[in-house]
Amino acid sequence: MIDKSGYRANVAIVLLNRQDRVFWGQRKSRTSWQFPQGGVATGETPLQAMYRELYEEVGLRPHDVEVIASTRDWFKYDIPDSLVRSREPVCIGQKQKWFLLRLKTSESNINLEANDSPEFDNWRWVSYWYPINHVVYFKQDVYRRALTYFKEYIN
């Protein structure tokens, strides 16, 4: 769902383990790593989209996690001009509703092949602030904003 300004509605997930380390996924067939994220479908709430993406990308169900917090506002980032597609509707970036979750069940429930088109082919737990400097450059600011927003909920 792309708004009139050219931003695609999206959800992003910060998944914590019991040690407050975060899930960090390597994108399939790429060298880049990121948090789980994905678009909000027409007629879908951000919460519904988050649970759908959580299952599609990480293989976890609602009973596997606790929702700790979500951002009140949508956080935006622009994509580089070289990645903007020329066909309609033009998407210049993403506006994201962020969710902070805690894993309640065993990490053995994480399944990167829960659907037919996996997003990730590898994952690991990393320190809370690690992703800011290791995500693709054009997402660094939005990652910093989200992690700073959620910091008050971390032990």
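The count begins at 1 with the first shown residue.
Quick reminder: no glycine exception, Cβ is built from N, Cα and C everywhere.
Annotated domain 'Nudix hydrolase' per Swiss-Prot: 6-148, in sequence order. Positions annotated as motif 'Nudix box' by Swiss-Prot: 38-59.
For the motif 'Nudix box' (38-59), the model's average pLDDT works out to 97. Each residue of the motif 'Nudix box' (38-59) gets a DSSP state, and the totals for helix, strand and coil are 13 helix, 2 strand, 7 coil.
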